[in-house]
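S.K.: Residues or ranges marked as region 'Disordered' by TrEMBL: A:1-33. The domain 'Bifunctional transglycosylase second' feature in TrEMBL is assigned to A:88-171. Under the heading domain 'Glycosyl transferase family 51', TrEMBL lists A:183-355. Residues or ranges marked as active site, proton donor by TrEMBL: A:Glu207. Feature annotation from TrEMBL assigns domain 'Penicillin-binding protein transpeptidase' to A:449-703. Among the features that TrEMBL reports, active site, acyl-ester intermediate is placed at A:Ser486.
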Amino acid sequence: MAKTPRTTKKALAKRKTTSRARRAKSTKRRPRKGGRFGRWFSRLLALGFLFSLVLGVYVLYLDHTVRVKFEGKRWAVPARVYGRPLELYPGASVSADQLAAELQRMGYQKSTHPKQAASWSRNKERILIRSRSFNFWDGEEPGRFLDVRFSGGQIEHLAEVGKGDLALIRLEAPEIGSIYPAHNEDRVLVRRDELPEKLVKALIVMEDRTFYEHHGVDPKAIARAIWANLRAGGVVQGGSTLTQQLVKNFYLTRERSLIRKLNEAAMALLLDAHYDKDEILGAYANEIYLGQDGGRAIHGFGLASHFYFNRSLGELNLSQLALLVAQVRGPSFYDPRRHPKRAKVRRDLVLTVMQEQGLITQKEALAAIKAPLGVQQKGDGRGSYPAFMDLVRRQLHRDYREEDLTSEGLRIFTTLDPWAQQQAEEAVTERLSRLEKGYRLPSGKLESAAILVDSESGEIRALVGGRSARYAGFNRALDAVRPIGSLVKPVVYLAALMQTDRYNLVTRIDDTAPSIKGEDGELWTPDNYDHVSHGKVPLHTALANSYNLATVRLGMEVGLGTVSDLLEQMGISRPIQQVPAMLLGSLSLSPLEVAQLYQTFAAGGFYSPLRAIRGVQSNSGQPLQRYPLTVKQSVPSGPVYLLNRNLQEVVRNGTGKGLANYVDTSLNIAGKTGTTDKLRDSWFAGFSGDKVAVVWVGRDDNKPAGLTGSTGALQVWGDMMRRLQPVSLELLRPDSVETVWIDPESGFRADEGCEGARQYPFIAGTAPTVTASCVGQVGTSMRRLFRSFFE
Amino acid sequence: MNLKHICLAILPTLLLGGCYTPPQRPAEPMTQRPSYPQSPELEQGAVIAPAQERGGIQISAYEPASRVSLVPMHSKAVEALLKSANQQAQNNDLDGAVGTIERALRIEPRNAHLWHRLANLRLDQGKVMLASDLAVKSLALAGADVELKQKNWLLIARAKRSAGDITGAKVAERKARMLH
């Protein structure tokens, strides 16, 4: 060691180790100075080479990562779900209020003179609309300037301004939700050319002024930031370029470390080397995190625009665009809903800077600064139909994989009518509170489910899963499987009426206690609700008054197997326990299944599977799948007609009489009440000319709710239907049915001259042949003449 | 790959430090429920009509329902949709035509002619069972329209024949003939 000449460089000497020194001794003969230096140099070189190699490989790896992700599918785009488009045509029963509500829900702006797309004006019974264009599965519906006039709750006149009358038009389908993946990122993709120029300019001026000049990293900005941060003694300014911000959001974790920072810079440079600025900007605009909606992260300007303003990006004005740019710095800190003042200050700063940079005029800036934030309440428009969305998702899962639903940007067209949904929700909420007050029931305990279906097509218009319909939770419409009580009776009576040689509406049946032994040998003794036995009663009276004893006797005569088969034929796939108690509704079904059952009645014996989805379209607008309208006659139309006439009697004279408090009796509504043991479940199912609805009221803990079918569910049902303005039920008499005069006293054939005689429908040839004594009596013709004046 | 850019990439990575303020993600979990607008209060007892007492209820309860008229009651809207469905069918876009007729049926769900048209389209698509079912539906709604009923029976006969049900086809044809 001591012999080592002092000429060796200090830096090298310091790094020497003993072992190396020993090795050096063994090479004494070589010229020491140059040799040593050369050896160290070559080692350094080798080390440097190795380091560069490793770094090079790493950079290649980063490069690969950058390119694969950027060029591949960049984002999982959630499926968008749309409700039914509103069809406008002369004669459509759409009121001006209803259309106004629909336009508001879709984010149309009300003005005095609609000039831009998605705006409207109203002058009493006349509405002018500049509609948006919309890409339906069967082609594009272009945006138009519409003139709609109303009269008596209907559209009276429809025209395109300057072009003349229109036969019909459909507005865009309202967006009702999206199906996003488990990591809860939601976005609406926008192309670079869809980004408003003012937004792009504001973004660049606020976040990265040299975006178009730098190579992904801006050393000057970094230096500036370091200087500013040093002076402030903390992090006050960032030097990140948009490219770096994109890299950070797109490829990296949220961890803050030097390594990550280095990766970020390297990747930013690589990204910049591979792609042009506009591509990077486009990606940035879709990736940037701009807000939080509960568990849903709002990514990209496209979705943020809907989230904050319920409008698409292209429709935003200057102040709204500036607010979005303001969010980039901190969507939580500048949340315009929670911190409107802070958000406004930041937005105004954006506007001021824009003006200083000459992007906008002073006048524009001042006007925009004066404008309110214009942020919509959360829950307006999309995203507030958890029960229906749940159903949609379940139906889609039969045909699609979860990842396709959450990443392929599918467009799902459903049957939901947001207006009807709102009416149903309001009816449920208001009625339950009133019932609790009116019957002194514990407050907040009652729960409910409601479902509204289109009679002929089986399309589901509205679905309420609980009292707080806007919050996701237990979906009672689908999952509350409860005993249906007397709702099953129509099936029992239909099974009887299908045996046309044995039963018709006036067949006498015995309403006395039957003695039936169950499988366990125990005697089953059902009872009537009023604990009274009514003796021999006409079949229709037994159903209208929901007599239990008569129903059990009838059902036992017809056969449990027959009733159970009929239930299956009408679309009930659940296994049915064939016990006598099923005749009184021990069978448990969900409200959705009950709706399926009653839909078949309403459609005259034609079964259509209930549908929530009409079709699915790919991201690019290609139709992928349709869920078409299908029908199948599951029950002959004659007996169904008789049954439906009987169900109208239930509402007119029987247990459903209370409906008259809500809807006019001239609507001829058909329906049935249902009540279960100890008043645990209260049901009402029924239909008008166009809609089938089912309502269940009860408690989640299955304790007695304290309400019968008529005091509970019927009230909700009536209130809901009243709001929906249903069409009256005009039953079509099938060819196989004839009407015959009957003397109600004896049940014998009468004629119109008989006192108290009524016309009843019968399957042709099955009416009683025995005539009542009044037929052909003197004075009959006089009475007939008399009647024709008064009836 | 462009060497210059790689070099550019390597060098600054060695130089850069952590000096970028990341956009702030929400630090606190979003636990609060979104605030939805309350449904507007409805006036007490608004449109609720009193129960109507009807003296003559005994007889009106079981009067026969009115028959549908002979002439199809196409509204202008349905007329327009039928026209465009025909256009689509001519252009061999049967799926499109089906969709358009379904749209028309949403406007006039009891229009027997629309059901018949749909049955026809389904038959053209080779969906014979569905075609036959739709024709049965059309029959149920056809009322006194004998001509339409005949067409439906003949369509059912065609559907049954192509499904190999010769007996069923003959029965349907007989029913069509009996309507004369």
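Counting starts with 1 at the first residue shown.
Placed from the backbone N, Cα and C atoms, the Cβ positions cover glycine too.
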S.K.: At the level of the C-alpha atoms, what whole-angstrom distance separates the residue listed as 'active site, proton donor' and A:Ser486 (active site, acyl-ester intermediate)?
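M.R.: A:Ser486 (active site, acyl-ester intermediate) has its Cα 67 Å from the Cα of the residue listed as 'active site, proton donor'.
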S.K.: Can you name the residues of this chain that are 6 or more positions from the residue listed as 'active site, acyl-ester intermediate' yet have a C-beta less than 8 Å from its C-beta?
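M.R.: When sequence neighbours closer than 6 are ignored, the residue listed as 'active site, acyl-ester intermediate' has A:Ser546, A:Leu584, A:Gly585, A:Thr655, A:Lys672, A:Thr673, A:Gly674, A:Thr675, A:Trp683, A:Gly709 within Cβ distance under 8 Å.
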S.K.: Mean pLDDT for the domain 'Glycosyl transferase family 51' (A:183-355), rounded to an integer?
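M.R.: Reported value for the domain 'Glycosyl transferase family 51' (A:183-355) is a mean pLDDT of 86.
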S.K.: Can you break down the domain 'Bifunctional transglycosylase second' (A:88-171) into helix, strand and coil residue counts using DSSP?
M.R.: 10 helix, 37 strand, 37 coil
S.K.: Tell me, how many other CB atoms lie within 10 A of the CB of A:Glu207 (active site, proton donor), whichever protein chain they belong to?
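M.R.: The Cβ of A:Glu207 (active site, proton donor) has 19 Cβ neighbours within 10 Å.
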